[in-house]
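In what follows, a structure is listed as structure tokens, so that the remarks can point back to it.
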């Protein structure tokens, strides 16, 4: 039997549709308009595309949004000065520095210069520390893993006792994903490039999250029949002279083994942007002393 194809695009649209109502009510009840500022250094075409998509979605939802474009020659100190300026602006609730930044700039220094209350990517050490110590209600959670967990819960809400395997150990997806699954009482294994017999671990997983950045890396023979498969990868490949995007999982094979699987595109990607918007609204509420407002609209 073919797997349930988890329509991340439709689910993300449901989330943002509800969030738009939340934002409108926030304006009516508190005269608060959440504001997201994206800082983009350099002229990487993919980064510019991502930023345009984020800004378009923010404006559609009724957020204030602005993109600050800086040349690739921008010094680290100049970027830090700009972030301090945004940190000190009470009208700015969310700050995102689009990654990657040019090589002469220390990415971690920049991330940790952002006020953690405004760190809508959820990458600041304060937010990471709170997440990893079980304080997810008191931090901003990285958008992609948060979106992945939401997708998993559309298939089964009770994850307690499930065996989960996360392929990848990045700070952006792999590590926080493992942490979120632990928080749901899963038994979590993280595998990576140095893992021996990686497929053996995958084949025992009730929940398999692939975030490795290698096209069609996960074969159907690695997947436990009936598993939930979340494919975070988005890789550009060329087939018969035509470029297309594929995930880290061999979708054509895997959909005949898994019980539920995300497609690429249209799976995890839209959820990342949706939860960036959620984080921005939550950040605005937190900075304004408005407690649990977003949670009245969305089951987070």
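Placement of Cβ uses the backbone N, Cα and C atoms for every residue, glycine included.
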Candidates 193, 199, 203, 259, the one Swiss-Prot lists with 168, 169, 170, 234 as binding NADP(+): 193
Which of 170, 193, all binding-site residues, has a Cβ with the fewest other Cβ atoms inside 10 Å: 193
Neighbourhood of residue 168 (NADP(+) binding site) by C-beta distance under 8 A, where only residues 6 or more apart in the same chain count: 174, 190, 192, 209, 210, 211, 212, 213, 232
Max CA-CA distance, Å, over listed NADP(+)-binding residues 168, 169, 170, 193, 234: 18
